[in-house]
Amino acid sequence: MISLVLVLFSSFLCHVATAGRTCPKPDELPFSTVTPLKSFYDPGEQIVYSCQPGYVSRGGMRRFTCPLTGIWPVNTLKCTPVTCPPPAIPEFATLSVYKPLAGNISNYGSKAVFECLPHYAMFGNDTVTCTAHGNWTTLPECKEVKCPFPSRPDNGFVNYPAKQTLYYKDKATYGCHDTYALDGPQEVECNKFGNWSAQPSCKASCKLSVKKATVVYEGERVKLQEKFKDGMLHGVKVSFFCKNKEKKCSYTEDAQCIDGTIEIPKCFKEHSSLAFWKTDASDVKPC
């Protein structure tokens, strides 16, 4: 009777020991994922290793079963990058950045950069990438681009390369005659669409009807009649001083020369040298 009890108890202990041998979380392999991923596994449960996108399995097993020993078998699986052959070079283009591996191949995620020959503009992305499918993303195109000769602005001039045809990236510079100011950039460029980046023009300066005034110009007080004795160029902005008679203080109103015209603020009153007993608005405390 006692020996029967011992046999049953021994069998119970053996069962408990066997049932308690769970497998731990499996080793993580570079560029792979495990499904299902848990902190422990019961004997008989299976896991599957899968290579991440852009990687393929080389050697070793992918599927494993948790054994009764609770120890995972040694996994020799390796996930290696997908490779791409050398990228094709578009017509009228060159490779500016390309660093292949031994064997003139590129790994998944590698990039190559193109640039077009002179006079040719790029349409599309200049950078291509080796994809998970072993090919390169869409190649760009290089197209010859010509621009018409830039026109001379009224009251100004334009300089550009002395050749029969103007191409992509060629530049032209603009300038204006005396008393005229350039409205737009001094330098323009032939763009990829066959147009110039801008069309500058020359705007007239303003003749000032005010003979005497203190104004604010670029943050400083200046005498209008001295600073702009030859006229005010297009685009220049000044601030005139005006009086608030009720509060007995001064404030400013802006005025800007626009192509030969400037509107003097209505609140501005020109100070007469004869009215020496009156205080000029610029000398009155600000509101």
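Just so it is clear, glycine is given a Cβ too, placed from its N, Cα and C backbone atoms.
Taken straight from TrEMBL:
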SIGNAL    1-19  signal peptide
DOMAIN    21-81  domain 'Sushi'
DISULFID  Cys23-Cys66  disulfide bond
DOMAIN    82-144  domain 'Sushi'
DOMAIN    145-204  domain 'Sushi'
DISULFID  Cys147-Cys190  disulfide bond
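Non-local neighbourhood of Cys190 (disulfide bond): Val145, Lys146, Cys147, Leu166, Tyr167, Tyr168, Lys169, Asp170, Lys171, Trp196, Ser197, each in the same chain, at least six residues away, with C-beta under 8 Å from its C-beta. Residue counts for the domain 'Sushi' (82-144) under DSSP, helix first, then strand, then coil, are 0 helix, 28 strand, 35 coil. In the three-state DSSP scheme, Cys190 (disulfide bond) is classed as strand. Broken down by DSSP into helix, strand and coil, the domain 'Sushi' (145-204) contains 0 helix, 27 strand, 33 coil. The 10 Å shell around the Cβ of Cys66 (disulfide bond) contains 22 further Cβ atoms across the protein chains shown. Per-residue pLDDT, averaged across the domain 'Sushi' (145-204), gives 97.
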